[in-house]
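A.B. asks: Would you mind keeping the following structure in view while I ask a few things?
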Amino acid sequence: MPDMAIQVRDLHKSYRQLKVLQGVEFAVEQGRIFALLGPNGAGKTTLIKILSTLLKPDSGTALVNGFDVIAQAARVRHSISLTGQFAAVDELLTGRENLIMIAQLRHLKQPRRVADELLERFGLTEAANRRVSAYSGGMRRRLDLAMSLVGTPPIIFLDEPTTGLDPEGRLEVWKVVKELAQGGRTIFLTTQYLDEAEQLADRIAILHQGRIIASGTLQELKKLFPPARVEYVEKQPTLEEIFLAIIGQKEVC
Amino acid sequence: MATLQRYFFSDLGVMLGRSLRHIFRSMDTIITATITPIGLMLLFVYVFGGAIQSGTANYVNYVLPGIFLVAIASGTSYTSLRLFTDVQRGIMDRFRSMPIAPSTLLWGHVLASLVFNGISLLIIVLVALLMGFRSAAGILPWLAIVGLLALVTLTLTWVAVIPGLTARSIDGAAVFAYPLIFLPFISSAFVPTRSMPPVVRAFAEHQPVTAIVNTIRALLAGEPVSQEIWIALAWCLGILLLAFFFARMAYKKRTA
C-alpha cells in the first residue's frame, strides 16, 4: 500500500441534535489532489476543520501525515496548512507583511526572502507594499494561497477555494492548485462545483448526509452511473432560426 | 510540547507586533476611544462642575480618575472588536491550524491593548493639564498610579476578550463596554457618594470603581492612601482571574 497522507476511519461529529458526520471513511494517497464534493451543509467544512485540528470529532480516528489529529495535534499542525472558505488575510497589513508574519510564525530562517519569492511567484510583487484592504478578490485569494505555501507543508487543505470568485479568478486558482500539486504535495480540497472536481482532482469523494457515498477516480465514478443513452427529443426552433426563416422567405419573394 | 514553549516569546512577539501595527494604522480608533472621556471631562468641569459640592478646590483633579476608567472601558472594547474580526475573517482559524503556542493568539491582543490604552490615557492627561489639572504626586505615587491603571486595563481587556470570542455580531462584541462606561457614574468618580440616597449610596460605596477612584485620587493629591487600595487590588485581581478563566473556556469551546 502506498503512503497515505490522510486516513479517516468511522468519523462522527454532531452539533447537539444535528448529526453532521456519521461514519466518514476515506484515505488519500500522498501527492494526490483529492476533491471532496458535496452540497452546502453536507459537512465538508466540519470535516476539514477536524483534519486541520480546529475541531475535535465525537468518535473515530483521523491520521494526517501519519499523526493523530487529537493526540498529536501539534505534529499535525507542522505538516499542514489551511486555506479557509474566506480569504484569511490581514487587511491592515500589506501583502509582504502578511507573508513575513506567517514565515516568522513558522520559524523560518529568512522570512523576508521567503515572502519575496512567493510574491514573485503569485504575481503580487507590484502590490507587495500595498495594504490588503486595497486588493481585489482575486489578489486576496492569491495572497491567501501564497500564505498557505509558506514553509512548504506537505499537506494543503483548501476549503472551497473558488467560492465567490469571478470566472477569471477561478481559472487563476485552478492554475495555482495544479502547480501546488507538483513536487509531491498532497492537496485536499472541498468544492460544490462538479466541474472544479473534474478539472483538478485525481480522486473524488462525494459527501452526502454525513457519509461518503461514492469515491474513486473520475473514470470510476462515471462507471457507477448508467451508460449514455440515445434519445430523440423534439427540438423547438430558436428565435434565431425563426428570424432567419422569415428573412429567407422574404428574399425568395 | 517543548518546541512550542521554545518559540513562545518569538510567537508572542510576532502576534504583538501585528496587533500594534493594527493600532498605529488605525489612529482613528485611539481618537474615538478618547473623545467620549474628554467630552465627559469638559461637560463635568465646565457645565456641571460649578453646581457639584466635591469639597475640593480643583474639580479637574477630582474627576480625572473617573475619566481614566471611562477611557479604559471604551478603549478595551476595541480588543473585542479586533478579536471578533479575527474570528470572523478566518485568520484566527489560520493561526490555530499552525504550530503556534495557542495562548499567544490572545496575549498578543491583550498586550497591545495595554499600549493602546496607555496612549489614550496620556492624551487625556495632556488635555486635563490644559484644563487646569495639577498633581502634587512624586515619582513613586505616579508609578503606583500607572501600575494600578495597567492592572485595571489588563482586567478589563481580559473581560473584553470574552465577547470578542463568543459574540455573534460585531454589535454584540462592542456592547459589553456600555455598562462598564456607565459604572463610574454610580460611584465616587464625579460626585461624593454622601449626596446619594441610601440604596444607591450602598451600591456606589461597595462597587470596584469607588475603591479604584478614591485610591488614584489620593495618590494624585500626594496624600496617603487608605485601606481602599487593598479593596481596589482585590477587585481587580478577582475579576482578572475570573475573566481569564472564562476567556480560556471560550477559546477552548471553539474546538469542542
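First residue shown is number 1, and so on along the chain.
Backbone N, Cα and C atoms are what each Cβ position is placed from, and that goes for glycine too.
Not my notes, these are from TrEMBL:
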type     : residues  : note
DOMAIN   : B:28-254  : domain 'ABC transmembrane type-2'
TRANSMEM : B:30-53   : transmembrane segment
TRANSMEM : B:59-84   : transmembrane segment
TRANSMEM : B:105-133 : transmembrane segment
TRANSMEM : B:139-161 : transmembrane segment
TRANSMEM : B:173-191 : transmembrane segment
TRANSMEM : B:229-251 : transmembrane segment
A.B. asks: Would you say the transmembrane segment (B:229-251) and the transmembrane segment (B:139-161) are touching, if the rule is that at least three C-beta pairs must lie under 8 angstroms and be 6 or more residues apart?
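C.D. replies: Stretch pair touches.
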A.B. asks: Rank B:30-53, B:59-84, B:173-191, B:229-251 by Cβ pairs under 8 Å to the transmembrane segment (B:105-133) and hand me the top one.
C.D. replies: B:59-84
A.B. asks: If we skip the immediate neighbours and take only residues 6+ beyond the ends of the transmembrane segment (B:59-84), which ones have a Cβ under 8 Å from one of its Cβ atoms?
C.D. replies: 19, 22, 29, 32-34, 36-38, 40-41, 44-45, 49, 52, 92, 106, 109-110, 112-113, 116-117, 120-121, 124-125, 128, 131-135, 149, 152-153, 156-157, 159-161, 163-165, 167, 170, 173-174, 176-177, 180-181, 183-184, 187, 189-190, 209, 212-213, 216-217, 220-221
A.B. asks: Which bits of the chain, at least 6 residues beyond where the transmembrane segment (B:30-53) starts or stops, bring a Cβ under 8 A of a Cβ in it?
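C.D. replies: The answer is 23, 59-60, 63-64, 67-68, 70-71, 74-75, 78, 116-117, 119-120, 123-124, 127-128, 131, 181, 190-192, 195.
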